[in-house]
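Let me begin by presenting the structure, written as structure tokens, before commenting on it.
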Amino acid sequence: MSGGGNKKKPTKAQGWEEAGSEFYQESYPTDGEFDALQRDVNPKHLATLLPSKQTRAAATIRPRTNDNRTIRRQTSSRSRRDSTVHRRASTAADVQVSMLPDLSENLSNEQTTWEEIMQIKAMPVPMSQKKEMKAKILNEPNLRLQGYEQLNWKRRKIWRHFASRLKEFNTKLELWKNSLKRIEGHFGTGVVAYFIFLKYLLFLNLFIFLIIFLFIILPTLLVNLNDDSEQNVTETDNVVLDLIQGTGFMERSILFYGFYSNQTFNYTINETVMYYNFPLAYVCIAVLYFGVSLMSIVKSAANGFKDRVIEGEGQFYQYCNLIFGGWDFCIHNERSAGIKHKAIFNEIRACLEIERLVEMKQNRTKNEKTRLIIIRIIVNIIVLGTLAGCGCAIYYALMFSKEKQKTALENNEADFLLFIYGFIPSITIVCSNVLVPFLLKYLVTFEKYNPTFVIRITLMRTVLLRLASIFTLYASLVEITEDDNITCWETFVGQQIYKLVLTDFATHILLTFFINFPRALVARHVKNSFVRMVGEQSFDLPKHVLDVVYLQTLCWLGCFYAPLLSVMSFVIFFLLFYIKKFACLVNSQPSSTIYRASRSNSMFMIVLLISFVAAVIPMAYSFSEVRPSPSCGPFRHLHSVWYEVESTFYSTPNWVQDIISFLTTAGFAVPVFLILFLLLYYFKAVNSANRQMVIVLKNQLVLEGHDKQFLLERLSKFMKQQQEHQKRLRQIDVLQDGDTNISSN
Amino acid sequence: MGNKLLTFTEQQLENYQDCTFFTRKEILRRLRVHKKFREIRPDLVPKRMRQNEQVTIRVPLEDVVEKLPELRENPFKQRICEVFSRDGKGNLSFEDILDLLSVFSEQAPRDIKVYYAFKIYDFDNDRHIGTEDLDSALVLLMRQELSPEDRQQIIEKVIEEADVDGDGKLSFMEFEHVITRAPDFLSTFHIRI
């Protein structure tokens, strides 16, 4: 194993070396060096002669020998000192330094020259040497490519040129680049990851808006059909109240579901009649935007998943990661740098603390353990109870609001009262979202988990709270519409969600500018330490992530019932960036917990995915089970939304129907499941075998290390012996000489 | 287009584009590397570098660590300058700074970053990260807020985690092995300009 490169060399025809370390040459000590060693025999000094310790960076591309001009490693013998080793390019993801072993062509052409030049970048040598290398490559005569290869090469060159221009153009267009840089300089990469996440959601919403606009809104606007739907008649006299509540003229507008027709438009192009089945388009667009959102989330999550797998599998080198990857090289603000130092200090102290906690945990007596388990169960019950309580509160708030609105209408009370009653459910939800997390934070201190787990479980509970509130709202809405006789329940649902979005956004503005900003000002200018403690805030990342994800969930839920909600959420996200930026830069101090970019990203994506699933389930249920209103919207007269898709399906040609029905039969599904299961089992087995292999190889490496030490010591002992022997021989010689001298004299 | 003709020759820009991870437009316009370099010592750095000035003119270490905003707050700034300078003492020429920024840019692949990170953390240049190197790194990182016993404990833990062949210090291969499993390295080891 040690010096493994040695054994491989004679077997490879071209002399390729697959040493593990990329940039380091191997070189073998010459006899001269051995002689030098004779005088000073020290195992440590000997060790420096080992091939693996001779590190000389890959300095030059091999000058091509006279007989052939391919770049390859020269066969090494003990006398050659400056041979270079390059690792073969393995993965496409990282740029590897590899010289292509050109077996067939002896001459270089433009393409290989260009590729070699591109690889100079990744060499860890100073710039002047790179320039020399480039000059050397360029000075070699190279052929022009002929025929087909030339076309290929030209095409690639043009494509590359175009791609680099495109990249340049993109960086010019990049949104909010300066803001991101400022935030990064002050707060580090973890917080910037949040804002990048916000940007990603913004573009997702833009996409949703575009497809809704193109396929649903635009046709409706273009075809000005006379609409015979009946609408709810809730109207106030005040335009502003109407605007905020979504009643009155807003209700009959394009914002809500009730406006859209259920007819199939037909239009003629060149005397062929084309049909545009509007209801089908409506439901297909909904499915499309859910599908695209899911794919985009999964793709982003998969990018971070690779890192997590490496992190979770085998070992996570906690201390090394902290020391070597802890300092964020982006920070260039003095205050942030000071805080970052403190943050790293806190984290290291926390690590040491965790070690002590683990020890303590092992030393816990049985009594303490059972007591802790009981406490944890109680806390969990309390948390669940709180969530249930919130759900009930929302339900009753909705009922109460409905009742009050009904009586207020009958008694013809002031519009303003109606307005208040209409907003009661939204306010309840928002209040519970703001207040319950404090309770959760207080409760979790009793459970005595370690700090990372505390963060995770608090986050999970808060996510559960928000989703529970959405679920309850949805369920109560369904119930209301079944009880009462609202003529157009989808519009009603759309209105509720619209109001909720507005309330949430208004709360953000209120909290950021009118509550937290004065707090921060006070904390900055008043020297009292108690006031400081109350006033200073840190940028609590999980809370802000949840805000954003909550809005996105509402958007997903609401776009079916209020298509224009997509453009609203686009605008809201755009403004939210600036609001959050203000909250971050002006209101908050850099927090003393380090948020790591990698862990942050995976946290965002997991929370988003959970919310997505929570949004899809009610939608799927309402598509298939709930009956659409008979008098308004694209799906009137049908007994479920999905029915439209079904009827279209049945009108497709027979062979399509046959294929799809075959796909759903047991004859197809069972073998597919079996195969998937077998694949899963196979990969799991390979995975665990690899893990075992890693442990075995690691042990072997350690043993080899010991072997090496042992051999070095023996070698040095032996050399010492030799030295002694030589010395004695020389002494004897000298004495003999002396004797002969004396005898000759 | 005016800038281009004034400060560098076409050939130089071509070389820089090929030898770093930046495009020529980035070097000139967006990043303004030459401007930053000039701001460190306006008296030393000329406006035009059409001949050999990018190699010959060097800015001393003390000025770089004070005036270059990207490095000013970095605890390892001195070591970074030493690694990237040709004379090993930290005096940087224009090409050295360009090299530095290129390695720390986002487009640089992981391998080259790992290589330079190893050199930076190897304070005594013995091609190993030993206990003294780790101690110096910790002192710089913590600004001496940790007691020596704590530092010793942490160093022991690091060596325990990363050292495989049992020689009590980290060689490049061990370092690389550990760093590829550190998920934050790639995102923190970069300077945004």
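A Cβ is built for glycine as well, from the same backbone N, Cα and C atoms used for every other residue.
Automatic, uncurated: that is what TrEMBL annotation is.
Among the features that TrEMBL reports, compositional bias 'Basic residues' is placed at A:1-11.
The feature domain 'TMC' is assigned by TrEMBL to A:488-598.
Under the heading region 'Disordered', TrEMBL lists A:1-31 (among others).
Feature annotation from TrEMBL assigns region 'Disordered' to A:63-91 (among others).
Taken from TrEMBL, the feature transmembrane segment covers A:191-218 (among others).
Counting same-chain residues at least six beyond the ends of the transmembrane segment (A:280-298), those with a Cβ under 8 angstroms from any Cβ of the stretch are 204, 207-208, 211-212, 215-216, 219, 260, 556, 559-560, 605, 608-609, 612, 616, 619, 623, 634-635, 641-642, 644-645, 648. Per TrEMBL, transmembrane segment is recorded for A:280-298 (among others).
Remote same-chain partners of the transmembrane segment (A:373-398), defined as residues 6 or more beyond its termini with a Cβ less than 8 Å from a stretch Cβ, comprise 424-425, 428-429, 432, 436, 439-440, 443-444, 446-447, 461, 464-465, 468-469, 471-473, 475-477, 480. The transmembrane segment annotation in TrEMBL covers A:373-398 (among others).
Only residues 6 or more beyond the boundaries of the transmembrane segment (A:418-440), in the same chain, are considered here, and those with a CB under 8 A from a CB of the stretch are 236, 241, 244-245, 247, 383, 386, 390, 393-394, 397-398, 400-401, 404-405, 408-409, 458, 461-462, 465-466, 469, 473, 496, 499-500, 502-504, 507, 511, 543, 550. What TrEMBL records for A:418-440 (among others) is transmembrane segment.
Feature annotation from TrEMBL assigns transmembrane segment to A:452-475 (among others).
Here the transmembrane segment (A:549-579) has Cβ contacts under 8 Å with residues 176, 179, 195, 198-199, 201-202, 204-206, 208-209, 212-213, 216-217, 246, 254-257, 260, 286, 289-290, 293, 433, 466-467, 470, 474, 490-491, 493-495, 497-498, 500-501, 504-505, 508-509, 512-513, 604, 607-608, 611-612, 614-616, 618-619 of the same chain, all six or more residues outside its ends. As annotated by TrEMBL, transmembrane segment applies to A:549-579 (among others).
Under the heading transmembrane segment, TrEMBL lists A:600-621 (among others). Among residues of the same chain six or more beyond the transmembrane segment (A:600-621), those with a C-beta under 8 A of the stretch's C-beta atoms are 190, 193-194, 197, 286, 290, 293-294, 297-298, 300-301, 304-305, 307-308, 459, 463, 466-467, 470-471, 474, 541-542, 545-546, 549-550, 552-553, 556-557, 560.
Remote same-chain residues near the transmembrane segment (A:659-683) are listed as 649 (criterion: CB distance under 8 Å, separation of at least six residues from the stretch ends). Positions annotated as transmembrane segment by TrEMBL: A:659-683 (among others).
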Can you break down the domain 'TMC' (A:488-598) into helix, strand and coil residue counts using DSSP? 87 helix, 4 strand, 20 coil
